[in-house]
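Below is one structure; the comments refer to it alone.
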Amino acid sequence: MCVCSRTKMVFFLMFIEIKASPAHSTAALIVDEPEETDPWDLPELKDAGVPWSALDTKGKVLRVLISVGKLILLLGFLYMFVCSLDILSSAFQLVGGKTAGDIFQDNEILSNPLAGLVIGVLVTLLVQSSSTSSSIVVSMVSSGLLTVQVAVPIIMGTNIGTSVTNTLVAMTQAGERNTFRRAFAGATVHDFFNWLSVLVLLPLEVASGYLFVVTKLITDSFEIQSGEAPDLLNVITDPLTESIIELDESVISGIATDDPEAKNKSLIKRWCQTFTNTTLMNVTVPGPENCTSPSLCWVDGNYTFTLKNVSQTYNIKKCTHLFVDVNLSDMAVGLILLALSLFVLCSCLILIVKLLNSMLKGQVAVAIKKVLNTNFPFPFGWVTGYIAILVGAGMTFIVQSSSVFTSAITPLVGIGVISIERAYPLCLGSNIGTTTTAILAAMASPGETLADALQIALVHFLFNISGIILWYPIPFTRVPIRLAKGLGSITGKYRWFAVVYIICCFFVLPLLIFGLSLAGWKVLVGVGAPLLIMLIIIIVINILQKRKPGWLPEVLRSWDFLPLWAHSLAPCDKAVGVLIAKCCCCCKCCQAASDDQEDRAEQLENNKTTHTAVYDNHAMSVENEAEDGMKIELNILKMTTL
C-alpha cells in the first residue's frame, strides 16, 4: 500500500509538471522561430524623444522652435544643393563643352544610329545637362547640319546620360549597407528604364522611323505659335549661380555649327549687356561678282566697292560674377568649379539626409509614408501610380531639371521614406517633365526653325511616353524595378561594385559600342551578336534555375560547375579587401615612419641637452643610452607588428 501510494504521488507530480510545461515550451518555440522579412520593406523610423503630451509649455515651445529651425535649414540646404547642381553643370561645360561641340561637328559619325546614341550619352556626361546637349542638337537641326532623323538617336542618348547624376548622389550614402542598397536601387531604376527603352525603341526607329513619322504628323497637323519658356526655379537660383559664374551658351552651339569665330571664344561670359548696331556701309570686295547687286556695285581703278549691312557690337555692361576678370583658361576655371561644386553637393546631401533622419520620426514619418506610399482603395489602386507620374512631371517642370528632382528623391528612398515602387513612377514623370520644358523652349525658336526644333522636342517627349507604355502599365512589365532591386542587393553586399557599375555602364559600354560601330556593321554584328546571344542564354538559364529547375539538365541547375570567380563576386571582394588593407597598411607604415623620424629627431635634441647638462655624470649618461636603446627596440617592434 505504501509503494502504491508513493507511485500514485510520483505520477501526480509528473502530471502537474507536464500540465504546466507545454505552454512554456510552445511559447518558446513561437518566439525562437525566425520570421522571414522582406529586405526591401520600409524601415520603421522610431521616435526616441519625449512624447508631445509629456512636455510642459516650455518644452513644447522649444520643440516647435527647433522643428522650425530644422525646416529652415532643410530648405537652405536644398537651395544650396540645387545651386551646386547648376554650378556642376557649368563646370562640366567649361571642362568639356568645346569638346562636345567638336564631337557634334562630325556628321559622318552622327549618321550611324549607334554612334549617334553613344555621342548623346557621352556629351550629356560631359556637360551634365540633357537640356544643354539637346539644345545643341536643336541648333544643328535648325542650321541644316543635321536632319531630324539623324538627331533622333542622339536625343535617346541624352536621356541616358542625364541619369548618371542621381546614381552618383546615391554613392554618398555608402556608409550604411541597407540605406545604400535602397538608395542605389532607387537611383538605378531610372538607368534601367532608359537603357531598356533604348534597347526596344532604337531598333524600331531604325527599321520604321516610328518617332520621326509620328512627330512629323503632329507638327504638320497643328498651327503652333511661338512662345517663351518660363523661368520658374531659375528666378530663385540665378542670383546665386550668376554671381559665381555665367556662361555664353552660344559658343558651344557655334562650334557645333562650324562657326570659325566661336572656336576662339571663351565660354565664360564677360559682357552681360551689349548693343549691336547694323549700318549700310561702303566696303571693298574682290570683284563685281561679290557685290550684293549689280546696281550697288561700282569700280574705281583697281578697287571694287559695294553697299553691305555691317554689324558692330558694342559692350555696354560688364558681368559681375567672380571669374569675370580672372586670367585663367576655361579648363582651369571649370576644374576649380568642379571641385567646389562637388564638395558643396556632397556636404549638402549628407546634411539633408541627417536633417531628414532627425525630422522624419514618429507620427510625422508615419503620415508622410502613408501619403507617399499608400494606394487608392480597390478598384482604383492602379490610379495611384499614374498620379505619381503626374506629380513627378509637375515637380520636374517646376525645378526645370530631371537631375535635380531624381537626385532629391534618391536620399528619401535611402532612408526609407519613399519605396522603390513609388520612386519608379516619380522618375518616369520626371522624364516627361524635362521634355515639356524642352517643348516650351523650342516654341521660343524663330519662325523659320520652329518646326524642326519642335519636332526634336516632341521626339524626346514621345520616346519617354513610349517607354512608359512599354515598362509600366502592366505590373509584369515593370522589369526596371526588379533589375534595380537585384543590383541594389549586389551593391549592398559588395559596395565597391557600385563604382564598377558606373564606370562600365556610362563609360566602358558606350565607348565599346562606339568603337565597334565605327569599325562597320560587319564588325559590330560579328562581335556584338555572339555576346548578345550569350547574354540571353545566361538570363534564360538563370530564370529556369529559379522557377523551373526540372526543365534543365542536372549540370545546369546551378553554376557550381564553373570556377567560383565566374559565378560569384566573393573572390573579387576578397581581392578588393586585400588591396584596401594593403593601401591602409602602407598609409599606416608611412605614418609610423614619419612618427619614427620625429621621435628620432626629438631623441637627438634630448641627447644633446642631456649630454650638455650632465657632461661629468657618467652614470647618468649610461642610463640615458640604455633608455634610448629601449625606445629604438620598441619602435622596431611597432614596425614589425605593422
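Note: Cβ is positioned from N, Cα and C throughout, glycine not excepted.
If you look up TrEMBL, you'll see 1-28 marked as signal peptide.
Same-chain residues lying 6+ beyond the ends of the transmembrane segment (61-88) with a Cβ under 8 Å from its Cβ atoms: 52, 55, 128, 165, 233, 236-237, 240-241, 244-245, 337-338, 340-342, 344-345, 348-349, 351-352, 355-356, 358-359, 399, 401, 403-404, 407-408. Annotation source TrEMBL lists transmembrane segment at 61-88 (among others).
The transmembrane segment feature in TrEMBL is assigned to 150-171 (among others).
Within its own chain, the transmembrane segment (192-213) is flanked in space by residues 113-114, 117, 148-149, 152-153, 156-157, 159-160, 163, 424, 427-428, 431, 459, 462-464, 466-467, 470-471, 479-480, 483-484, 505, which lie at least six positions past its ends and keep a Cβ under 8 Å from the stretch. According to TrEMBL, the transmembrane segment annotation covers 192-213 (among others).
The feature transmembrane segment is assigned by TrEMBL to 331-356 (among others). Tertiary proximity for the transmembrane segment (331-356) is limited to same-chain residues at least six positions away from its ends with a CB under 8 Å from its CB atoms, namely 70, 73-74, 77-78, 80-81, 84-85, 87-88, 90-95, 169, 172-173, 244-245, 268, 323, 411-412, 414-415, 417.
Annotated transmembrane segment per TrEMBL: 376-399 (among others), in sequence order.
According to TrEMBL, the transmembrane segment annotation covers 453-474 (among others). Under 8 Å from some Cβ of the transmembrane segment (453-474) lie the Cβ atoms of residues 134, 137-138, 141-142, 148, 151-152, 155-156, 158-159, 193-194, 196-197, 200-201, 211-212, 214-216, 218-219, 224, 385, 389, 424-425, 428, 431-432, 435-436, 438-439, 441-443, 445, 480, all in the same chain and six or more residues away from its ends.
The transmembrane segment annotation in TrEMBL covers 494-517 (among others). Packing against the transmembrane segment (494-517) from elsewhere in the chain are residues 112, 114-115, 117-119, 121-122, 125, 161, 164, 167-168, 170-171, 174, 177, 180, 184, 188, 191, 195, 487, 523-524, 527-528, 569, 572-573, 576: each is 6 or more residues past its ends and has a CB under 8 Å from a CB in it.
According to TrEMBL, the feature transmembrane segment maps to 523-544 (among others).
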